[in-house]
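Taking it in order: structure first as structure tokens, then the write-up.
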Ligand SMILES: Nc1ncnc2c1ncn2[C@@H]1O[C@H](COP(=O)(O)OP(=O)(O)OP(=O)(O)O)[C@@H](O)[C@H]1O
Ligand SMILES: [Mg+2]
């Protein structure tokens, strides 16, 4: 069997909040195969976003191991993680997280520029065209609608052609139609470039489009369902 | 009722603590403290001058004469109006100590006193001794007391003898403190006091020598000094006679204190302006952070007025707190530092709580807080409920509505007027306010230019691929840019610092610059007519004297211009204050350039003519053909101004404002002055030889004179440095505040950039470049504005020359930019080191 893209071994996450220690993820283990589309579902507060953050190296596990592309992320430094992300990962958030002081084009070009790509801006422009924003390249985030902003965020995540795409409820802040369009884009990107997609969602119909869904409840893995099995 | 609601909202919001208001409180408190402290020190000095006026002056009133003693009828008048009269005489001389072959000489300012001296106060002698007993002397020698500095220089010990002119004195004690020392201004040499009687045999008070006599009057209790001054003017023939009284005991010191006071007022106002920028930025940051709360309140039905009031009340409460802290600091600091300040002052100051100074500071603080907070407060009106659903970063911020603009303008006007009126320095205050306004506008302009330039540069090929640079340029030029706020606060702070730095550095280098290498080694005065030829022959033959200049010299007072009192024509110009040196010569002096009119013919023998220094003539409004009446030794000479000439006073050579044709001064007793040029190595020998050959002449070593003047200027320079430090502290807080205000935005940006794969170094470089761009923009304005303001203050307030000091300017601007950079990076460091998840979550 080929190496898994990601592998969690008893991953734990506890945070010291004001009200004392909170165990957010309480020992999670699973593997994600290359090219797979994995849906993370579960009730609010169950730890889906936290799990995605662990996979993206945006949060440090407090126990167990998080391996992505064969590397254990937990002991890695911030700079090593940053380099790792720009080589292998794209992240899309529910609230877009575009840099407010940069135009759409600059936002999209930034990760490629950071990776030293000479043609960062050309590729960024092409990518924006691909998501249908050719006439918005020089707009700032505040000058765009939520759907447009999320399309920029998608372009930004996909333009460097990452092996892994992480998306945390990318349509949560958008209306149904716009959300649908964004989802089509996201799946289209996955299909075209063959990336592994890990998607947090509340929407059952989205979960159904995934190859596999993992359901979290209260920080623990409750079910792990293959789509084919569900049909 | 909206007020009750507002009060409730304000109370709840303040429950959250003062965290966001530390910068606000610090800036306001420091600004108020600076003004309160400055005002207190000023009042302490004024009160000291008033209380000690009579002691400083040496009497309730003083009549000073030049070159002569009082005539019997003048003396009789003085005794008639006063309880006691004391006569003193003051002149420069050389103290000479001979030990076998060795001769030591030192320039000294001699004071000959009568038995009634001092009318007020008492000198402090070491060993402890009555002055009368000390001056009585020992054996056949009359006694003297001397400044310890001079005693040390001459290598004298108590009980040994020295010579003044042709008279030997025995040193009886060191003069630790002279009660009336400040009254005479700053003499050129350290003090020696002897009995007036003992000088009769010294030959130092011969006609034609330079001495001043003064008569101190002890007036009956409750005497009206103003009326007495008028009587003296009317009843004594004012031949070169000057009246001073305890209302203004030490004019030299008063002027020193005035200038110092003016400078301190400037520093205080500047500090308040810098603090105000910090206050404004803090309020803005606080309200920006409250956008969501305000939008929510509006959604819930709060009216604009209620919201404005709610936040106005919070700011008002904090303003009161800030002012209170500032007043306590400003009242306590001068008291705590009293010993240090006193040591630097030439007069005794009365340190106490000065309610007036504190009240003024509170008024300035309240007005400034209102000016600087109204604008950001008015912006709460522009927060729409929709802000909840849209990111607030974009879009132009509209100006507040006109009533706010009007009130702000009125408050600024009130602040400037209050400062102008209360400081008593209206012109200075208004000029500084205008200067600050210009700097303000220049900074806003530069900030806009910087944004536009950055926006452009970010799009060029140059920036592509250099992510840190492009990101920095993009953020400077993009929406929500900090450019305006940072450039303004950094720029104003640096401008004030650069100005103070320019003044400070100019003071320090003024003397060194004004006296170039061509300065003479010696300035020789009191050469008698009978001695001048032999003297010249001797020094011209001396191989180590490279150059000699001489001129005859008299002293006179310009009393009338075109037959009107001089003060009516020329105001309080220094040339008509007191007596001036006058010379005469048939031909224009060597190197002189006649700039207008014509020098008299060599054999001219008509009515008196005078040639006047052109720069001073222009300042006094003199024209060719004007007539000047000059009182020389009690005789009025009226001369026509027939030429102007360029006189260079900067190289310490011989330079006279007034030069007359020889015939005009024929017969008036006079002496000669000379300047000798040569190497420093020859100084000691010349001093010894010339002093031995001509015991009556005074040789002033220019290098010593420079040292003494430098000492006085260093007192002022120290004050400017303290002022600079106070502003520096406020500026520092403002910079930290500005850095802290941007922390949230930077933290967020850093988290996203890291998510996209940026290393910490790249993110830091991005932030550092931004600071550098802001620092550069602010620094350019600061250097230009600081130079202009420094020039203005040096020229019009301190009345000396100005030269741009690049070292100070660069140091301040780089230092300021670096501080803001380091502060900015320090605030960015913590979030940079942590994983980005939490930051990103917080802004979900
Ligand atoms: N900084 C923190 N300190 C303490 N507890 C936290 C912190 N961040 C998140 N939590 C808690 O961790 C739990 C999981 O949060 P997480 O955001 O991962 O849930 P989620 O499944 O994504 O929920 P949702 O569907 O609402 O987005 C929640 O109970 C949340 O309250
Ligand atoms: Mg979530």
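Positions of Cβ are set from backbone N, Cα and C atoms, glycine also.
Just so you know, TrEMBL annotations are computer predictions that nobody has curated.
According to TrEMBL, the protein carries these features:
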type     : residues  : note
TRANSMEM : B:21-41   : transmembrane segment
TRANSMEM : B:260-287 : transmembrane segment
DOMAIN   : B:267-379 : domain 'ABC3 transporter permease C-terminal'
TRANSMEM : B:308-341 : transmembrane segment
TRANSMEM : B:361-378 : transmembrane segment
TRANSMEM : B:399-422 : transmembrane segment
TRANSMEM : B:428-450 : transmembrane segment
TRANSMEM : B:471-498 : transmembrane segment
TRANSMEM : B:722-742 : transmembrane segment
DOMAIN   : B:725-831 : domain 'ABC3 transporter permease C-terminal'
TRANSMEM : B:763-789 : transmembrane segment
TRANSMEM : B:809-829 : transmembrane segment
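The domain 'ABC3 transporter permease C-terminal' (B:267-379): residue composition by secondary structure is 98 helix, 0 strand, 15 coil, according to DSSP.
Among the stretches B:21-41, B:260-287, B:308-341, B:471-498, the one making the largest number of Cβ pairs under 8 Å with the transmembrane segment (B:361-378) is B:260-287. Same-chain residues lying 6+ beyond the ends of the transmembrane segment (B:471-498) with a Cβ under 8 Å from its Cβ atoms: 270-271, 273-274, 277-278, 281, 284, 393-395, 436, 439-440, 443-444, 446-448, 450-458, 463, 724, 727-728, 730-731, 734-735, 737-738, 741-742, 745, 749, 753, 765-767, 769-770, 773-775, 777-779, 781-783, 785-787, 789-790, 808-809, 812-813, 816-817, 820.
In the domain 'ABC3 transporter permease C-terminal' (B:725-831), the DSSP tally of helix, strand and coil residues is 94 helix, 0 strand, 13 coil. Over the domain 'ABC3 transporter permease C-terminal' (B:725-831) the predicted model carries a mean pLDDT of 81.
Among B:260-287, B:308-341, B:399-422, B:428-450, B:809-829, B:308-341 has the largest number of CB pairs under 8 A with the transmembrane segment (B:21-41). Beyond the ends of the transmembrane segment (B:809-829), by six or more residues, the same chain brings 486, 490, 493-494, 497-498, 501-502, 731-732, 735-736, 738-740, 742-743, 746-747, 750, 763-764, 767-768, 770-772, 774-776, 778-779, 782-783, 786-787 to within a C-beta distance below 8 angstroms of the stretch. Between the transmembrane segment (B:428-450) and the stretches B:260-287, B:308-341, B:399-422, the greatest number of Cβ pairs separated by less than 8 Å involves B:260-287. Residues 2-3, 5-7, 9-10, 13-14, 18, 21, 24-25, 27-37, 39-41, 44, 283, 287, 290, 349, 351-353, 357-358, 361-362, 365-366, 369-370, 373, 377-378, 380-381 of the same chain sit 6 or more residues outside the transmembrane segment (B:308-341) yet have a Cβ under 8 Å from a Cβ within it.
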